[in-house]
Amino acid sequence: MIKTLMRRPTTGLHGAITVPGDKSISHRGLILGAISTGTTRLTHFLTAADCLSTLNALHALGVPIQRDGTTVTVTGQGLHGLRAANQPLDMGNAGTATRLMTGLLAGQNFDATLVGDASLSQRPMARVQQPLATMGAQIDLTAGHLPMQIHGRALHATHVEMQVASAQVKSSLILAALQADGPSTIVEKLPTRDHTERLLRAFGGDLTTAADGHTITVQPQPHLTGQNITVPGDVSSAAFFLTAASIVPGSQITLKDVGLNPTRTGIIDVLQRMGGHLDIRPTDQPGEPLGDITVSAAQLHSIKLTAADIPAVIDELPLVALLAATADGVSEISGAEELRVKETDRIATIVTELRKLGVQITEKPDGFIIDGRPTWRVTDAQFDSHGDHRIGMMMAIAALRLTTPTTLADAGAINISYPSFFDDLTHLTTETEATHA
Ligand SMILES: O=C(O)C1=C[C@@H](OP(=O)(O)O)[C@@H](O)[C@H](O)C1
Ligand SMILES: C=C(OP(=O)(O)O)C(=O)O
């Protein structure tokens, strides 16, 4: 689908929205609900294609799941209550779903086959197969990729030193370790998003993170109990509008009930370091941290990010590139080679698309260098998502700086994580400054 993009709104973006539920927490809530006893109710669940891949896979494994709008009810089957599916599990475009389900299925007493779309079928799966093999897991890949055959079996406890900073790999190992014959330890290269750890504790699991923040010990065979969970707004979705309001002159918007887990809020830190105007009001309540954010337009300054900064901002790096493209000075992003194995090679797709705006960007093996400018000279008005939701949304936000018409090819990819993205954008661009004065 080719979509005509919205141009610069004359008075900027105004108004307030609640962004859809967090993708990472929605996946995990379904999985932990499935292996608990009793009922789990997820409200403000993300009903986007990626999370529906997890929902459909669990359903095919014998888990009753009801969906009513954004409320999902999961009837837990216990840790050993899943049953073999009678067809391959189609994980669609979802890397998180695939890696987490692999860890879960490795310890079940049946076999499973996982397949995915063309993008997912190019993404590396040895990163879970190899550490899971230290527990005795038997997983056959196709040249390191999907299709994958998982031969479920009893697992042993392990001690794993992770080779990549990846919450997906960590969570896969945690889900396998729950089914092992003793306590397992997982050592992270760098701390990554900790939603699995937080949720597992809420469901009654026994898991500790050492004071160094890197070492996790998982006690096996927990008795998990179903929970009622309100999923916070996805900060990775909010990030598109945090960026838009920062770079479109005259803007001031509020994003309500956004997840503020510190392992995810790198984009807020980046914006603050670049001179962005943000007011963050945390809400006092149990569970994942959340709050409201008001953001207004600002003249931004360049930034440097290195490997230790990356995990908390990994999915927002296309937006960091866009912010840097409008900022004063030269920005440099390093240590972000993981971007090359996302839905697309995001270093390559960021460079290709931003060059269409006339942005001065240099590609590096592990990131990029951008020389920012207050105005761009568009050389190609036909943007392309390359089938990658975050690249498509980043270019739709870039178009808001332009007065010339532009289009986005393969705009349907945005449904992977944010089906109501254009509705929310329309809402924020049709609310005038006067209505909110
Ligand atoms: O665990 C998760 O929910 C996710 C972890 C990240 O991937 P990696 O852990 O592989 O970096 C992120 O890019 C993805 O969108 C969601
Ligand atoms: C990388 C992403 O997701 P996944 O790895 O789950 O496909 C993303 O949403 O940006």
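In case you wondered, yes, glycine gets a Cβ from its N, Cα and C as well.
Pulled from TrEMBL:
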DOMAIN    10-425  domain 'Enolpyruvate transferase'
BINDING   K23, G95, R123, Q168, R346, R390  phosphoenolpyruvate binding site
BINDING   K23, S24, R28, S166, Q168, D315, K342  3-phosphoshikimate binding site
ACT_SITE  D315  active site, proton acceptor
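All features noted in TrEMBL, drawn onto the structure.
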residue: S24; record: 3-phosphoshikimate binding site; Cβ neighbours (10 Å): 29
residue: R28; record: 3-phosphoshikimate binding site; Cβ neighbours (10 Å): 28
residue: G95; record: phosphoenolpyruvate binding site; Cβ neighbours (10 Å): 20
residue: R123; record: phosphoenolpyruvate binding site; Cβ neighbours (10 Å): 18
residue: S166; record: 3-phosphoshikimate binding site; Cβ neighbours (10 Å): 23
residue: Q168; record: phosphoenolpyruvate binding site; Cβ neighbours (10 Å): 23
residue: D315; record: 3-phosphoshikimate binding site; Cβ neighbours (10 Å): 23
residue: K342; record: 3-phosphoshikimate binding site; Cβ neighbours (10 Å): 20
residue: R346; record: phosphoenolpyruvate binding site; Cβ neighbours (10 Å): 25
residue: R390; record: phosphoenolpyruvate binding site; Cβ neighbours (10 Å): 28
Measure from the Cα of R390 (phosphoenolpyruvate binding site) to the Cα of every one of the binding-site residues S24, S166, D315, K342, then give the nearest. D315
Would you report the average pLDDT that the model assigns to the domain 'Enolpyruvate transferase' (10-425)? 98
Can you list which of the binding-site residues S24, G95, D315, K342, R346, R390 have their Cβ under 6 Å from some atom of ligand 2? G95, D315, K342, R390
What does the structure give for the C-alpha distance between R28 (3-phosphoshikimate binding site) and R346 (phosphoenolpyruvate binding site)? Integer Å is fine. 25
Looking only at Cβ atoms, how many others are within 10 Å of the one on K23 (phosphoenolpyruvate binding site)? 24
Listed binding-site residues are R123, R346, R390; which sit with C-beta under 6 angstroms of ligand 1? none
How long is the line from the C-alpha of G95 (phosphoenolpyruvate binding site) to the C-alpha of K342 (3-phosphoshikimate binding site), rounded to the nearest angstrom? 8
For G95 (phosphoenolpyruvate binding site), just give me the three-state DSSP call. helix
How long is the line from the C-alpha of R123 (phosphoenolpyruvate binding site) to the C-alpha of K342 (3-phosphoshikimate binding site), rounded to the nearest angstrom? 7
